[in-house]
Ligand code: GLU
């Protein structure tokens, strides 16, 4: 154990419970802790609070590690990375909690409680009849400590409870919420050690924060009501409590606690949906904190420089999935073509793991290849990802947009005569337009986009078509869509023979 230099260095932690897939709120909490630690040259610790075995989900822990890694919020100390203060998984620290609970028994700060479930239920009902908050009536507090010890040793089932002072006030300062005072008579004689020998959240959390020399606790305000209990525990041990900063809860647009119905996803689903970690972090940062220059777009290193705990917003931040998507688009546009092509490539490579096996096989060839992947076209030619990215970069909001926006480069679309003849066009009219386009392309090819455009313009004028109508007919025949990357650039990438083939197919179909 390192020497007790309590709070000489900033040490903060995220302490998620692996009870389900880590939510975007887990990432939010990790971000603020991480930024604070980095800002002050401190340490960011990940502790897994897995003592509630009834709610334990084994995969959740791995996903917590993975989500933090994806976001670039690597802990300095964690179950994976180890560290001087480990183990960092509470289920591996059970003996420690027992020892400390016992210490409180020995000093008289805690007591054995033998009340049966039935008795506790009666007490609870009585409280509810009297319209009082459910509180233990301190029945076993009056037992003779020696007698109680003998009963416990004799094998009787017990829990250990804290002797909460029955008078006075517990006060603390929260860096976000300010001064808080709670009357001790409103605080329950909380259970510290359960009858199965597992600690409660309160005991394990306090013991670990102390032993791990946590200097600041930055967490969601749903934990604020626990603080007085924790302060009393720190007092009972004779320890100095850390500094608290409770961040407002993330909410949905209807102001209720953020959940799936608000479009908030487990953190790693954002990776799957083609979000950039930078954008997710940027958005989460904005939710809880305002950049001093009110900038929208900033990265983690900039946040670290400018972030102050005292500047955490006190109003409940509203999570807006559309805003996050918009910000992601902004980040996508800020990337160089090469960088975006790399990201798209990584995303395409990553994707197969979450797809159906047959789809995974189709892109297997690109695994481990550092150059942008070549995708096979129908006629065996290949298209360079780097060539496609600039065509769609402006319109991409997520990396996942790449596939639907560029699928026509990788295979001819289905002919859709309804799309072709929309807006009052006749089959004959469209056929004529497509044949005209074929003539032009036959003559001059698709390599010179400016020449191609002026030819199209001239022919449109000659036939009294609007340029837009002619281009739309060609676009639908070539891409199968009414919205596509820039037409002439796309034709150049597809090359003359493929373009002519698709136009011919459409004409024949009509
Ligand atoms: N295990 C608690 C959670 O799941 C940690 C609360 C805390 O940070 O103290 O959020």
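A Cβ is built for glycine as well, from the same backbone N, Cα and C atoms used for every other residue.
Among the ranges 355-382, 383-410, 411-438, the one that TrEMBL lists as region 'Disordered' is 355-382. Looking at the stretches 16-26, 27-37, the one that TrEMBL records under the feature motif ''HIGH' region' is 16-26. A helical conformation is recorded for residue 260 (ATP binding site) in the three-state DSSP classification. Within the model, the motif ''HIGH' region' (16-26) shows a mean pLDDT value of 95, rounded to a whole number.
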